[in-house]
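S.K.: Per Swiss-Prot, active site, nucleophile is recorded for Cys86, and the stated evidence type is sequence analysis. The active site feature in Swiss-Prot is assigned to His176, Glu178; the stated evidence is sequence analysis. Under the heading ATP binding site, Swiss-Prot lists Ser230, Gly231, Gly232, Val233, Asp234, Ser235, Ser236. Under the heading domain 'Glutamine amidotransferase type-1', Swiss-Prot lists 9-202, citing sequence analysis as support. Feature annotation from Swiss-Prot assigns domain 'GMPS ATP-PPase' to 203-395.
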Amino acid sequence: MTHTAHPDSVLIVDFGSQVTQLIARRVREAGVYCEIVPFQSAEEGFKRLQPKAVILSGSPASTVDEGSPRAPQIIFDSGLPVFGICYGQQTMCMQLGGKVESGHHREFGRAFLDVDKDCQLFEGLWSSGSRHQVWMSHGDRVTALPDGFEVVATSSNAPFAFIADEKRKYYGVQFHPEVVHTPDGAKLIGNFIHNIAGIKGDWSMSAYRQKAVDEIRKQVGDKRVICALSGGVDSSVAALLIHEAVGDQLTCILVDHGLMRKDEAANVVAMFREHYNLHLLHVDASDRFIGELEGVSDPETKRKIIGRLFIETFEEEAKKLGGADFLGQGTLYPDVIESVSFTGGPSVTIKSHHNVGGLPERMKMQLVEPLRELFKDEVRALGRELGLPDSFIGRHPFPGPGLAIRCPGGISREKLEILREADAIYLDEIRKAGLYDAIWQAFAVLLPVQTVGVMGDGRTYEFVCALRAVTSVDGMTADFYHYDMEFLGRAATRIINEVRGINRVVYDVTSKPPGTIEWE
């Protein structure tokens, strides 16, 4: 996390809800900077950030259980506006003198809220006597309010569904305004931030860009930085931001493991050298990687081999440069908070980027992570701010291990070339059909299965290619994309006709869950 105060910010205290990140997304969408802190370190985070408002998240815990999480008292002593969501409402009530009981009437899913009284938080949105859809997910419920609170809305199973202490600017809801199933939820959060807390909402990528550049210059000084450039959006945006800050003090290294999409490495190198004047080393290590991967079928073993070889190769190239004091990395905010569990204690380990895990310690370098406060969509917006073309920023996610995990079973050069060609044709057809931006991720998979076919007058015995396409918001859940059959037939025909080694194409109609987006 950052180590500085943020004027006009919101602190989100995380009690372990699976949707706490969505609260942060809604706050950011309202143009306001926010940070998530686990409840164990919330007092420290409050003092550091110096926010103008606090939001208390939901939790899988029960407020009636001994030792269940609590908000630090400093929040209620501060005089700042507080918005408690689900568990956040319950712990606020208990800590301020109200009562909560383990629910006999559990409430999950869609519910309807009846507004009984007007409230400052409803301004321009709801009025007394109206009814609105919300999303509930709770077992416990408030049974007695603290002094100063009143009920402003109810549901059939939650008589204290929306409570308010307008004088102290404390608000609590039993439902989840952060999820899309509460249609007016984002506006409620926006009203709390703008109308109740008085925060302007002028946090922008332009402002973030200047702040990040200033911080990088202050951190790096006149020292050297090296950055692992994968060709993905995250590492590319990080590299451009660092380059804007320190110029020629940055050297980027692209380790080409031979597992990238067709022409990808060459295109990335050309773009950054020609258009952004970056000092970029292109290291062709494909023989080294594929040589060790050939015949390896276990997906976890593949990942470990790729990770180890990447570190070894990167380390060797960095030493040739004479070393550096700093390592640039495209860590995002979800990476920072992903490993923070409300049961995990105050000391947490931040997840390392898959490509450079272990490098800072091995090479005695400090990390420069200019994106660690941003979500993925914000990184894309920053990329546009930095001048990256939409065609690059809008590319589908691509895994660090590359085609190795889209080739189940043993890997060989021949299989990788077959897969690379099939994948290129599939993506070409998607673009021609105008579907690329409607799909979260699409790719081909080469199965370790051969089937009998007939081509011309001859019998064939060749591989099966599976096509995958999903829609998603954040990659946490996904549904398969519903193509029309004409498109699938056209793509399959091209692949079979143009790619030697494939004689059958199938389409994967598995959602996540129960499946994962990638096959390995």
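Including glycine, each Cβ sits where the backbone N, Cα and C put it.
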S.K.: If you measure Cys86 (active site, nucleophile) to Asp234 (ATP binding site) at Cα, how many Å is it?
M.R.: 34
S.K.: So if I draw a 10 Å sphere around the Cβ of Ser236 (ATP binding site), how many other Cβ atoms end up inside it?
M.R.: 26
S.K.: Return the count of C-beta atoms lying within 10 angstroms of the C-beta of Asp234 (ATP binding site), excluding that atom itself.
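M.R.: Result for Asp234 (ATP binding site): 21 neighbouring Cβ atoms inside 10 Å.
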S.K.: Sorted by position, what residues of the same chain at least six away from His176 (active site) have a C-beta under 8 A from it?
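M.R.: Looking at Cβ-Cβ distances below 8 Å from His176 (active site), excluding near sequence neighbours, one finds Val19, Gly58, Ile85, Cys86, Val134, Trp135, Met136, Ser137, Thr182, Gly185.
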S.K.: Judged by the number of other CB atoms within 10 angstroms, which among Ser230, Ser235 is the least packed of the binding-site residues?
M.R.: Ser235
S.K.: Taking the Cβ of Val233 (ATP binding site) as the centre, count every other Cβ atom within 10 Å, in any protein chain shown.
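M.R.: Taking every protein chain into account, the count is 23.
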S.K.: Cα distance, Glu178 (active site) to Val233 (ATP binding site), nearest Å?
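M.R.: Between the alpha carbons of Val233 (ATP binding site) and Glu178 (active site) there are 27 Å.
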S.K.: Using the CB centroid of Ser230, Gly231, Gly232, Val233, Asp234, Ser235, Ser236 as the ATP site centre, which other residues of the same chain sit with their CB within 8 A?
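M.R.: Along the chain, the qualifying residues are Leu229, Val237, Ala238, Gly330.
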S.K.: Look up Gly231 (ATP binding site) in the DSSP assignment and report helix, strand or coil.
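M.R.: Gly231 (ATP binding site) sits in coil per DSSP, no helix or strand.
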S.K.: How big is the gap, in Å, between the Cα of Ser235 (ATP binding site) and that of Glu178 (active site), rounded to a whole number?
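M.R.: With the alpha carbons as reference points, the distance is 29 Å.
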S.K.: Can you tell me how far the Cα of Asp234 (ATP binding site) sits from the Cα of Glu178 (active site), in Å?
M.R.: 26
S.K.: Reported as an integer number of Å, what is the Cα distance between Gly232 (ATP binding site) and Glu178 (active site)?
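M.R.: Cα of Gly232 (ATP binding site) to Cα of Glu178 (active site) measures 29 Å after rounding.
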S.K.: I'd like to confirm something. Which of the binding-site residues, Ser230, Gly231, Ser236, has a Cα closest to the Cα of Glu178 (active site)?
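M.R.: Minimum Cα distance from Glu178 (active site) across Ser230, Gly231, Ser236 lands on Ser236.
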